[in-house]
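Notes follow the structure.
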Amino acid sequence: MPGVVMAESGLGKDIPAKLTTQVVVCSIIAAFGGLMFGYDIGISGGVTSMDDFLIKFFPTVYVKKHRAKEDNYCKYDNPYLQLFTSSLYLAAIVASWIGSFTCRRMGRKPTIVMASLFFLVGAILNVSAVNLIMLIAGRLCLGAGVGFGNQAVPLFISEISPAKYRGALNILFQLLITIGILIANVINYGTSKLHPYGWRVSLGGAAVPALILFVGSLMIVETPVSLIERGKFEEGLKTLKKIRGVDNVDREYEEIFQATELAKSKSSFCIVFKKKSRPQLVCGICIMVLQQFTGINVIMFYAPVLFQTMGFGSDAALLSSVVTGLVNSVSTLVAIFTVDIFGRKALLIEGATQMIITQCTMGAILKLYLKGTNTMPPHYATIVVVLVCVFVSGFAWSWGPLGWLISSEIFPLETRNAGYFFAVGSNMLCTFIIAQAFLTMLCHMKWGIFYFFAAWLLIAFTFIWAWVPETKGIPIDEMNERVWKKHWYWKKCFKNDKFVREIQTVPVKPAAEEEKIHE
(Lines of atoms letter the chains of each structure in order from A and count residues from 1; the text may use other names and numbers.)
(Lines give C-alpha, C1' and ligand atoms only; values in the text may rest on other atoms or scores of the structure.)
Protein backbone atom coordinates (compact mmCIF):
# COMPACT_ATOMS: atom_id res chain seq x y z
CA MET A 1 0.00 0.00 0.00
CA PRO A 2 1.12 3.54 -0.58
CA GLY A 3 2.39 5.36 2.46
CA VAL A 4 1.96 8.97 3.51
CA VAL A 5 5.08 11.03 4.17
CA MET A 6 5.89 14.65 4.79
CA ALA A 7 8.24 16.27 2.30
CA GLU A 8 11.44 17.51 3.89
CA SER A 9 12.54 21.00 3.06
CA GLY A 10 16.20 20.14 2.56
CA LEU A 11 15.74 16.96 0.63
CA GLY A 12 17.78 17.74 -2.46
CA LYS A 13 20.73 19.65 -1.05
CA ASP A 14 23.18 16.78 -1.51
CA ILE A 15 21.83 15.05 -4.62
CA PRO A 16 24.95 13.56 -6.26
CA ALA A 17 25.58 14.83 -9.78
CA LYS A 18 28.50 15.66 -12.04
CA LEU A 19 28.62 18.15 -14.87
CA THR A 20 28.95 15.54 -17.62
CA THR A 21 29.98 15.98 -21.25
CA GLN A 22 26.57 14.57 -22.19
CA VAL A 23 24.75 17.41 -20.40
CA VAL A 24 27.02 20.12 -21.84
CA VAL A 25 26.76 18.83 -25.43
CA CYS A 26 22.97 18.35 -25.24
CA SER A 27 22.55 21.82 -23.76
CA ILE A 28 24.63 23.43 -26.53
CA ILE A 29 22.73 21.57 -29.28
CA ALA A 30 19.36 22.48 -27.79
CA ALA A 31 20.47 26.08 -27.36
CA PHE A 32 20.70 26.36 -31.15
CA GLY A 33 16.97 27.03 -30.85
CA GLY A 34 18.12 30.33 -29.36
CA LEU A 35 20.44 30.90 -32.31
CA MET A 36 17.44 30.59 -34.66
CA PHE A 37 15.47 33.06 -32.56
CA GLY A 38 18.35 35.53 -32.33
CA TYR A 39 19.11 35.36 -36.04
CA ASP A 40 15.54 36.31 -36.83
CA ILE A 41 15.54 39.19 -34.33
CA GLY A 42 18.72 40.59 -35.85
CA ILE A 43 17.96 39.97 -39.50
CA SER A 44 14.59 41.72 -39.66
CA GLY A 45 15.87 45.17 -38.65
CA GLY A 46 18.70 45.12 -41.18
CA VAL A 47 16.55 43.85 -44.03
CA THR A 48 13.88 46.50 -43.46
CA SER A 49 16.53 49.22 -43.87
CA MET A 50 17.73 47.86 -47.27
CA ASP A 51 16.49 49.87 -50.27
CA ASP A 52 16.16 46.80 -52.52
CA PHE A 53 13.86 45.13 -49.99
CA LEU A 54 11.77 48.29 -49.53
CA ILE A 55 11.39 48.80 -53.28
CA LYS A 56 10.20 45.21 -53.70
CA PHE A 57 7.69 45.03 -50.83
CA PHE A 58 7.26 48.50 -49.28
CA PRO A 59 7.70 51.16 -52.01
CA THR A 60 5.87 53.87 -50.04
CA VAL A 61 8.37 53.53 -47.18
CA TYR A 62 11.23 53.80 -49.68
CA VAL A 63 9.82 57.07 -50.99
CA LYS A 64 9.37 58.48 -47.45
CA LYS A 65 12.88 57.39 -46.47
CA HIS A 66 14.48 59.44 -49.25
CA ARG A 67 12.16 62.43 -49.01
CA ALA A 68 14.33 65.38 -47.96
CA LYS A 69 11.88 67.03 -45.56
CA GLU A 70 10.37 63.91 -44.02
CA ASP A 71 10.28 63.95 -40.21
CA ASN A 72 13.28 62.03 -38.84
CA TYR A 73 11.09 60.16 -36.39
CA CYS A 74 8.45 59.13 -38.94
CA LYS A 75 10.39 57.86 -41.97
CA TYR A 76 9.60 54.19 -41.30
CA ASP A 77 6.10 54.52 -39.84
CA ASN A 78 4.22 51.92 -41.89
CA PRO A 79 1.86 49.24 -40.43
CA TYR A 80 2.77 46.64 -43.06
CA LEU A 81 6.49 47.09 -42.48
CA GLN A 82 5.86 46.60 -38.77
CA LEU A 83 3.72 43.55 -39.56
CA PHE A 84 6.69 41.98 -41.35
CA THR A 85 8.57 42.05 -38.05
CA SER A 86 5.70 41.42 -35.62
CA SER A 87 3.72 38.69 -37.43
CA LEU A 88 6.28 36.12 -36.33
CA TYR A 89 5.28 36.58 -32.70
CA LEU A 90 1.58 35.96 -33.25
CA ALA A 91 2.44 32.55 -34.69
CA ALA A 92 4.88 32.01 -31.81
CA ILE A 93 2.08 32.43 -29.25
CA VAL A 94 -0.07 29.75 -30.91
CA ALA A 95 2.91 27.43 -31.39
CA SER A 96 3.97 27.87 -27.78
CA TRP A 97 0.50 26.82 -26.64
CA ILE A 98 0.60 23.72 -28.85
CA GLY A 99 4.16 23.11 -27.67
CA SER A 100 3.01 22.97 -24.05
CA PHE A 101 0.98 19.87 -24.99
CA THR A 102 3.58 18.26 -27.25
CA CYS A 103 6.24 18.72 -24.54
CA ARG A 104 4.12 16.75 -22.11
CA ARG A 105 2.66 14.07 -24.38
CA MET A 106 5.48 13.57 -26.90
CA GLY A 107 8.50 14.91 -25.04
CA ARG A 108 10.87 17.86 -25.15
CA LYS A 109 13.06 16.32 -27.87
CA PRO A 110 10.31 15.88 -30.56
CA THR A 111 9.11 19.43 -29.86
CA ILE A 112 12.61 20.74 -30.57
CA VAL A 113 12.65 18.74 -33.82
CA MET A 114 9.35 20.36 -34.85
CA ALA A 115 10.81 23.80 -34.10
CA SER A 116 13.70 23.21 -36.50
CA LEU A 117 11.40 21.97 -39.28
CA PHE A 118 9.05 24.96 -39.06
CA PHE A 119 12.00 27.32 -39.08
CA LEU A 120 13.45 25.60 -42.15
CA VAL A 121 10.15 25.94 -44.05
CA GLY A 122 9.90 29.61 -43.05
CA ALA A 123 13.41 30.35 -44.30
CA ILE A 124 12.63 28.72 -47.66
CA LEU A 125 9.43 30.75 -48.07
CA ASN A 126 11.19 34.01 -47.21
CA VAL A 127 14.17 33.50 -49.49
CA SER A 128 11.87 32.74 -52.43
CA ALA A 129 9.18 35.35 -51.64
CA VAL A 130 7.73 37.18 -54.65
CA ASN A 131 4.99 39.13 -52.85
CA LEU A 132 4.05 40.37 -49.38
CA ILE A 133 1.68 37.43 -48.69
CA MET A 134 4.43 34.91 -49.29
CA LEU A 135 6.79 36.96 -47.16
CA ILE A 136 4.35 37.07 -44.22
CA ALA A 137 3.60 33.33 -44.62
CA GLY A 138 7.30 32.64 -44.21
CA ARG A 139 7.38 34.82 -41.11
CA LEU A 140 4.46 32.89 -39.63
CA CYS A 141 6.33 29.61 -40.15
CA LEU A 142 9.39 31.11 -38.52
CA GLY A 143 7.13 32.16 -35.66
CA ALA A 144 5.90 28.61 -35.23
CA GLY A 145 9.52 27.49 -34.98
CA VAL A 146 10.25 30.18 -32.41
CA GLY A 147 7.18 29.18 -30.37
CA PHE A 148 8.01 25.48 -30.27
CA GLY A 149 11.69 26.18 -29.60
CA ASN A 150 11.16 28.73 -26.85
CA GLN A 151 8.67 26.42 -25.14
CA ALA A 152 10.88 23.33 -25.21
CA VAL A 153 14.54 24.39 -25.10
CA PRO A 154 14.74 26.22 -21.72
CA LEU A 155 12.68 23.43 -20.10
CA PHE A 156 14.95 20.80 -21.67
CA ILE A 157 18.12 22.47 -20.38
CA SER A 158 16.68 23.09 -16.90
CA GLU A 159 15.58 19.47 -16.54
CA ILE A 160 18.88 17.85 -17.57
CA SER A 161 21.13 20.28 -15.66
CA PRO A 162 22.41 19.65 -12.11
CA ALA A 163 21.00 22.31 -9.76
CA LYS A 164 24.48 23.74 -9.10
CA TYR A 165 25.07 24.51 -12.80
CA ARG A 166 21.49 25.10 -13.98
CA GLY A 167 21.86 28.87 -14.22
CA ALA A 168 24.99 28.83 -16.35
CA LEU A 169 23.75 26.07 -18.67
CA ASN A 170 20.34 27.65 -19.17
CA ILE A 171 21.97 30.94 -20.13
CA LEU A 172 23.49 29.11 -23.11
CA PHE A 173 20.04 29.62 -24.69
CA GLN A 174 20.31 33.40 -24.30
CA LEU A 175 23.98 33.35 -25.34
CA LEU A 176 23.04 31.65 -28.61
CA ILE A 177 20.26 34.24 -29.07
CA THR A 178 22.86 37.02 -28.82
CA ILE A 179 25.26 35.20 -31.13
CA GLY A 180 22.39 34.77 -33.61
CA ILE A 181 21.73 38.53 -33.48
CA LEU A 182 25.43 39.24 -34.00
CA ILE A 183 25.69 36.86 -36.98
CA ALA A 184 22.58 38.42 -38.50
CA ASN A 185 24.01 41.92 -38.15
CA VAL A 186 27.30 40.88 -39.78
CA ILE A 187 25.43 39.18 -42.65
CA ASN A 188 23.19 42.23 -43.14
CA TYR A 189 26.25 44.47 -43.32
CA GLY A 190 27.71 42.29 -46.06
CA THR A 191 24.55 41.60 -48.04
CA SER A 192 23.52 45.27 -48.10
CA LYS A 193 26.07 45.66 -50.90
CA LEU A 194 24.70 42.72 -52.93
CA HIS A 195 22.17 44.39 -55.22
CA PRO A 196 19.36 43.62 -55.83
CA TYR A 197 19.09 40.29 -53.94
CA GLY A 198 21.12 40.85 -50.79
CA TRP A 199 17.99 40.68 -48.67
CA ARG A 200 17.27 37.16 -49.99
CA VAL A 201 20.69 35.98 -48.77
CA SER A 202 19.98 37.49 -45.34
CA LEU A 203 16.56 35.87 -44.99
CA GLY A 204 17.73 32.55 -46.43
CA GLY A 205 20.56 32.34 -43.92
CA ALA A 206 17.98 31.35 -41.29
CA ALA A 207 18.02 27.85 -42.81
CA VAL A 208 21.57 27.19 -41.50
CA PRO A 209 20.85 27.19 -37.73
CA ALA A 210 17.58 25.35 -38.48
CA LEU A 211 19.50 22.53 -40.18
CA ILE A 212 22.05 22.37 -37.37
CA LEU A 213 19.29 22.13 -34.77
CA PHE A 214 17.40 19.51 -36.78
CA VAL A 215 20.43 17.22 -37.10
CA GLY A 216 21.51 17.83 -33.52
CA SER A 217 18.06 17.28 -32.04
CA LEU A 218 18.01 13.77 -33.48
CA MET A 219 21.10 12.92 -31.40
CA ILE A 220 20.31 14.45 -28.01
CA VAL A 221 18.76 12.47 -25.14
CA GLU A 222 15.23 13.00 -23.87
CA THR A 223 15.02 14.43 -20.34
CA PRO A 224 14.50 11.90 -17.51
CA VAL A 225 11.54 13.98 -16.32
CA SER A 226 9.78 13.62 -19.67
CA LEU A 227 10.52 9.89 -19.91
CA ILE A 228 9.26 9.13 -16.40
CA GLU A 229 6.27 11.43 -16.91
CA ARG A 230 5.27 9.31 -19.93
CA GLY A 231 5.73 5.98 -18.11
CA LYS A 232 9.15 5.05 -19.54
CA PHE A 233 10.62 4.31 -16.11
CA GLU A 234 13.59 2.12 -17.00
CA GLU A 235 14.70 4.41 -19.82
CA GLY A 236 14.28 7.38 -17.52
CA LEU A 237 16.49 5.76 -14.85
CA LYS A 238 19.19 4.86 -17.39
CA THR A 239 19.16 8.37 -18.84
CA LEU A 240 19.38 9.91 -15.38
CA LYS A 241 22.47 7.84 -14.56
CA LYS A 242 23.97 8.73 -17.92
CA ILE A 243 23.57 12.50 -17.65
CA ARG A 244 24.53 12.64 -13.94
CA GLY A 245 27.65 10.53 -14.35
CA VAL A 246 26.91 8.54 -11.17
CA ASP A 247 25.00 5.34 -10.36
CA ASN A 248 23.52 6.64 -7.12
CA VAL A 249 20.55 8.57 -8.51
CA ASP A 250 17.96 7.01 -6.18
CA ARG A 251 16.94 10.22 -4.43
CA GLU A 252 16.61 12.30 -7.57
CA TYR A 253 14.73 9.49 -9.34
CA GLU A 254 12.25 9.24 -6.46
CA GLU A 255 11.72 13.02 -6.41
CA ILE A 256 11.03 13.03 -10.16
CA PHE A 257 8.70 10.05 -9.84
CA GLN A 258 6.78 11.64 -6.96
CA ALA A 259 6.45 14.87 -8.92
CA THR A 260 5.15 13.05 -12.00
CA GLU A 261 2.59 11.14 -9.93
CA LEU A 262 1.38 14.38 -8.41
CA ALA A 263 1.20 15.96 -11.87
CA LYS A 264 -1.00 13.16 -13.22
CA SER A 265 -3.95 14.02 -11.00
CA LYS A 266 -5.24 16.97 -13.04
CA SER A 267 -4.47 18.94 -16.16
CA SER A 268 -1.69 21.44 -15.55
CA PHE A 269 -3.93 24.12 -17.08
CA CYS A 270 -6.44 23.51 -14.26
CA ILE A 271 -3.88 23.48 -11.45
CA VAL A 272 -1.96 26.54 -12.65
CA PHE A 273 -4.83 28.87 -11.71
CA LYS A 274 -5.12 27.58 -8.14
CA LYS A 275 -3.98 29.77 -5.28
CA LYS A 276 -0.88 27.69 -4.51
CA SER A 277 0.31 28.15 -8.11
CA ARG A 278 -0.21 31.92 -8.06
CA PRO A 279 3.34 32.92 -6.99
CA GLN A 280 5.06 31.11 -9.85
CA LEU A 281 2.44 32.16 -12.42
CA VAL A 282 2.53 35.84 -11.46
CA CYS A 283 6.32 35.99 -11.27
CA GLY A 284 6.82 33.99 -14.49
CA ILE A 285 4.43 36.17 -16.49
CA CYS A 286 5.53 39.50 -15.00
CA ILE A 287 9.24 38.83 -15.52
CA MET A 288 8.64 37.93 -19.17
CA VAL A 289 6.37 40.96 -19.77
CA LEU A 290 8.79 43.33 -18.07
CA GLN A 291 11.69 41.82 -20.03
CA GLN A 292 10.10 43.09 -23.24
CA PHE A 293 9.18 46.48 -21.77
CA THR A 294 12.83 47.18 -21.00
CA GLY A 295 12.88 48.31 -24.64
CA ILE A 296 15.56 45.84 -25.72
CA ASN A 297 13.75 44.50 -28.76
CA VAL A 298 13.26 48.04 -30.02
CA ILE A 299 17.05 48.22 -30.18
CA MET A 300 17.49 44.74 -31.64
CA PHE A 301 14.59 44.85 -34.15
CA TYR A 302 15.11 48.35 -35.41
CA ALA A 303 18.73 49.25 -34.58
CA PRO A 304 19.68 50.11 -38.20
CA VAL A 305 16.43 52.06 -38.60
CA LEU A 306 17.02 53.86 -35.30
CA PHE A 307 20.59 54.77 -36.20
CA GLN A 308 19.52 56.01 -39.64
CA THR A 309 16.91 58.16 -37.89
CA MET A 310 19.78 59.81 -36.00
CA GLY A 311 21.58 60.63 -39.26
CA PHE A 312 23.88 57.65 -39.82
CA GLY A 313 24.21 56.43 -43.40
CA SER A 314 22.93 52.97 -44.31
CA ASP A 315 26.36 51.29 -43.99
CA ALA A 316 27.23 53.13 -40.79
CA ALA A 317 23.88 52.17 -39.25
CA LEU A 318 24.40 48.49 -40.07
CA LEU A 319 27.97 48.62 -38.74
CA SER A 320 26.72 50.19 -35.49
CA SER A 321 24.28 47.28 -35.19
CA VAL A 322 27.22 44.87 -35.51
CA VAL A 323 28.96 46.64 -32.64
CA THR A 324 25.89 46.45 -30.38
CA GLY A 325 25.45 42.80 -31.33
CA LEU A 326 29.04 42.07 -30.31
CA VAL A 327 28.53 43.84 -26.98
CA ASN A 328 25.36 41.78 -26.49
CA SER A 329 27.18 38.46 -26.97
CA VAL A 330 30.20 39.31 -24.82
CA SER A 331 28.05 40.66 -21.99
CA THR A 332 25.95 37.49 -21.90
CA LEU A 333 29.14 35.58 -21.03
CA VAL A 334 29.26 37.67 -17.85
CA ALA A 335 25.91 36.21 -16.82
CA ILE A 336 27.10 32.64 -17.43
CA PHE A 337 30.00 33.07 -15.00
CA THR A 338 28.18 35.14 -12.35
CA VAL A 339 24.56 33.93 -12.17
CA ASP A 340 25.34 30.96 -9.90
CA ILE A 341 27.68 33.09 -7.77
CA PHE A 342 25.80 36.36 -7.19
CA GLY A 343 22.33 34.95 -7.81
CA ARG A 344 19.42 36.04 -9.99
CA LYS A 345 18.09 39.02 -8.01
CA ALA A 346 21.35 40.95 -7.77
CA LEU A 347 21.92 40.80 -11.53
CA LEU A 348 18.31 41.77 -12.33
CA ILE A 349 18.37 44.79 -10.00
CA GLU A 350 21.77 45.98 -11.28
CA GLY A 351 20.69 45.52 -14.89
CA ALA A 352 17.47 47.50 -14.39
CA THR A 353 19.39 50.36 -12.77
CA GLN A 354 21.92 50.49 -15.61
CA MET A 355 19.19 50.49 -18.27
CA ILE A 356 17.14 53.23 -16.53
CA ILE A 357 20.15 55.56 -16.53
CA THR A 358 20.99 54.94 -20.20
CA GLN A 359 17.38 55.25 -21.41
CA CYS A 360 16.95 58.59 -19.66
CA THR A 361 20.28 59.89 -20.96
CA MET A 362 19.49 58.86 -24.55
CA GLY A 363 16.09 60.52 -24.31
CA ALA A 364 17.67 63.77 -23.11
CA ILE A 365 20.24 63.83 -25.94
CA LEU A 366 17.61 63.17 -28.63
CA LYS A 367 15.35 65.85 -27.14
CA LEU A 368 18.11 68.44 -27.37
CA TYR A 369 19.84 67.51 -30.61
CA LEU A 370 17.49 65.56 -32.91
CA LYS A 371 14.65 67.70 -34.25
CA GLY A 372 12.13 66.93 -36.99
CA THR A 373 14.28 67.38 -40.10
CA ASN A 374 17.84 68.08 -38.93
CA THR A 375 20.80 65.72 -38.70
CA MET A 376 22.17 65.03 -35.21
CA PRO A 377 25.74 66.34 -34.67
CA PRO A 378 28.13 63.40 -35.25
CA HIS A 379 29.73 63.41 -31.79
CA TYR A 380 26.32 63.24 -30.09
CA ALA A 381 25.22 60.45 -32.43
CA THR A 382 28.37 58.56 -31.40
CA ILE A 383 27.53 59.10 -27.73
CA VAL A 384 24.08 57.61 -28.34
CA VAL A 385 25.67 54.52 -29.92
CA VAL A 386 27.90 54.15 -26.84
CA LEU A 387 24.85 54.52 -24.57
CA VAL A 388 23.02 51.88 -26.62
CA CYS A 389 25.97 49.54 -26.03
CA VAL A 390 25.87 50.23 -22.27
CA PHE A 391 22.11 49.62 -22.31
CA VAL A 392 22.52 46.35 -24.24
CA SER A 393 25.25 45.11 -21.89
CA GLY A 394 23.03 45.77 -18.87
CA PHE A 395 20.24 43.76 -20.46
CA ALA A 396 22.53 40.97 -21.68
CA TRP A 397 23.87 40.01 -18.26
CA SER A 398 20.56 40.38 -16.47
CA TRP A 399 17.04 40.54 -17.92
CA GLY A 400 17.94 38.84 -21.20
CA PRO A 401 19.09 35.45 -19.93
CA LEU A 402 17.45 35.51 -16.50
CA GLY A 403 13.93 36.06 -17.82
CA TRP A 404 14.11 32.69 -19.60
CA LEU A 405 16.04 31.02 -16.77
CA ILE A 406 13.75 31.98 -13.89
CA SER A 407 10.56 31.24 -15.82
CA SER A 408 11.84 27.76 -16.72
CA GLU A 409 12.95 26.82 -13.19
CA ILE A 410 10.23 28.10 -10.84
CA PHE A 411 7.26 25.90 -11.86
CA PRO A 412 6.74 22.47 -10.23
CA LEU A 413 6.20 19.61 -12.66
CA GLU A 414 2.43 19.57 -12.15
CA THR A 415 2.15 23.10 -13.65
CA ARG A 416 5.41 23.32 -15.60
CA ASN A 417 4.11 23.00 -19.14
CA ALA A 418 1.07 25.25 -18.63
CA GLY A 419 2.87 27.78 -16.44
CA TYR A 420 5.80 28.09 -18.78
CA PHE A 421 3.44 28.48 -21.73
CA PHE A 422 1.78 31.47 -20.05
CA ALA A 423 5.21 32.98 -19.38
CA VAL A 424 6.45 32.42 -22.95
CA GLY A 425 3.08 33.41 -24.46
CA SER A 426 3.11 36.67 -22.50
CA ASN A 427 6.62 37.35 -23.75
CA MET A 428 5.66 36.71 -27.37
CA LEU A 429 2.48 38.82 -27.06
CA CYS A 430 4.40 41.80 -25.69
CA THR A 431 7.08 41.34 -28.33
CA PHE A 432 4.35 41.47 -31.00
CA ILE A 433 2.79 44.59 -29.49
CA ILE A 434 6.11 46.43 -29.28
CA ALA A 435 7.28 45.32 -32.75
CA GLN A 436 3.95 46.34 -34.30
CA ALA A 437 3.67 49.67 -32.47
CA PHE A 438 7.22 50.97 -32.03
CA LEU A 439 7.72 52.84 -35.31
CA THR A 440 4.33 54.53 -34.86
CA MET A 441 5.18 55.34 -31.22
CA LEU A 442 8.55 56.74 -32.31
CA CYS A 443 6.78 58.97 -34.84
CA HIS A 444 4.35 60.38 -32.24
CA MET A 445 6.35 60.26 -28.98
CA LYS A 446 9.75 61.03 -30.55
CA TRP A 447 12.44 61.24 -27.82
CA GLY A 448 9.77 60.53 -25.19
CA ILE A 449 9.80 56.85 -26.20
CA PHE A 450 12.99 56.37 -24.17
CA TYR A 451 11.35 57.75 -21.02
CA PHE A 452 8.38 55.45 -21.66
CA PHE A 453 10.63 52.41 -21.39
CA ALA A 454 12.57 53.92 -18.47
CA ALA A 455 9.29 54.12 -16.51
CA TRP A 456 8.68 50.41 -17.16
CA LEU A 457 12.21 49.64 -15.98
CA LEU A 458 11.46 51.42 -12.70
CA ILE A 459 8.45 49.12 -12.27
CA ALA A 460 10.67 46.13 -13.10
CA PHE A 461 13.23 47.19 -10.48
CA THR A 462 10.54 47.45 -7.81
CA PHE A 463 8.92 44.14 -8.72
CA ILE A 464 12.18 42.17 -8.54
CA TRP A 465 13.24 43.81 -5.30
CA ALA A 466 9.94 43.14 -3.50
CA TRP A 467 8.29 40.07 -5.00
CA VAL A 468 10.80 37.78 -6.72
CA PRO A 469 12.72 35.39 -4.43
CA GLU A 470 16.24 34.09 -5.04
CA THR A 471 16.30 30.66 -6.73
CA LYS A 472 20.05 30.10 -7.05
CA GLY A 473 21.09 26.48 -6.43
CA ILE A 474 17.60 25.22 -5.48
CA PRO A 475 16.51 21.92 -7.13
CA ILE A 476 13.51 22.56 -9.40
CA ASP A 477 11.14 20.22 -7.58
CA GLU A 478 11.91 21.80 -4.18
CA MET A 479 11.11 25.41 -5.07
CA ASN A 480 7.79 25.44 -3.20
CA GLU A 481 9.23 24.20 0.10
CA ARG A 482 12.50 26.10 0.08
CA VAL A 483 11.55 29.32 -1.74
CA TRP A 484 7.87 30.21 -2.10
CA LYS A 485 6.67 29.03 1.33
CA LYS A 486 9.37 31.14 2.99
CA HIS A 487 8.81 34.33 1.00
CA TRP A 488 7.38 37.24 3.01
CA TYR A 489 4.47 37.78 0.61
CA TRP A 490 3.89 34.55 -1.32
CA LYS A 491 3.83 32.27 1.73
CA LYS A 492 0.21 33.26 2.30
CA CYS A 493 -0.75 31.27 -0.82
CA PHE A 494 0.29 28.06 0.98
CA LYS A 495 -1.48 28.53 4.32
CA ASN A 496 -3.87 25.63 3.71
CA ASP A 497 -1.32 23.47 1.92
CA LYS A 498 0.13 20.88 4.28
CA PHE A 499 2.21 19.46 1.45
CA VAL A 500 1.39 15.85 2.24
CA ARG A 501 2.15 13.51 -0.61
CA GLU A 502 0.88 10.04 -1.21
CA ILE A 503 3.91 8.19 -2.51
CA GLN A 504 3.40 5.28 -4.86
CA THR A 505 5.87 2.41 -5.02
CA VAL A 506 8.63 3.36 -7.42
CA PRO A 507 8.35 0.97 -10.38
CA VAL A 508 12.12 0.66 -10.92
CA LYS A 509 14.14 -0.36 -7.88
CA PRO A 510 16.86 2.11 -7.00
CA ALA A 511 20.42 0.94 -7.59
CA ALA A 512 21.31 0.83 -3.88
CA GLU A 513 18.46 -1.59 -3.09
CA GLU A 514 19.41 -3.86 -5.98
CA GLU A 515 22.99 -4.13 -4.65
CA LYS A 516 21.70 -5.14 -1.21
CA ILE A 517 19.53 -7.85 -2.77
CA HIS A 518 22.50 -9.30 -4.68
CA GLU A 519 24.61 -9.33 -1.50
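Placed from the backbone N, Cα and C atoms, the Cβ positions cover glycine too.
Database features (TrEMBL):
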- 21-39: transmembrane segment (TRANSMEM)
- 26-472: domain 'Major facilitator superfamily (MFS) profile' (DOMAIN)
- 80-99: transmembrane segment (TRANSMEM)
- 111-130: transmembrane segment (TRANSMEM)
- 169-187: transmembrane segment (TRANSMEM)
- 199-221: transmembrane segment (TRANSMEM)
- 281-305: transmembrane segment (TRANSMEM)
- 317-339: transmembrane segment (TRANSMEM)
- 380-400: transmembrane segment (TRANSMEM)
- 420-442: transmembrane segment (TRANSMEM)
- 449-468: transmembrane segment (TRANSMEM)
When counting Cβ pairs under 8 Å to the transmembrane segment (420-442), the leader among 80-99, 111-130, 317-339: 80-99
Result, the transmembrane segment (380-400) in contact with the transmembrane segment (111-130) (3+ CB pairs under 8 Å): no
Interface check, the transmembrane segment (169-187) with the transmembrane segment (380-400), three or more C-beta pairs under 8 A: yes
Cβ contacts under 8 Å made by the transmembrane segment (80-99) with residues that lie 6+ beyond its boundaries: 40, 44-45, 48, 57-58, 61, 111, 114-115, 118, 132, 135-136, 139-148, 150-152, 301-302, 421, 424-425, 428-429, 431-433, 435-440
For the domain 'Major facilitator superfamily (MFS) profile' (26-472), mean pLDDT (0 to 100): 89
Stretch among 21-39, 281-305, 449-468 sharing the most Cβ pairs under 8 Å with the transmembrane segment (380-400): 281-305
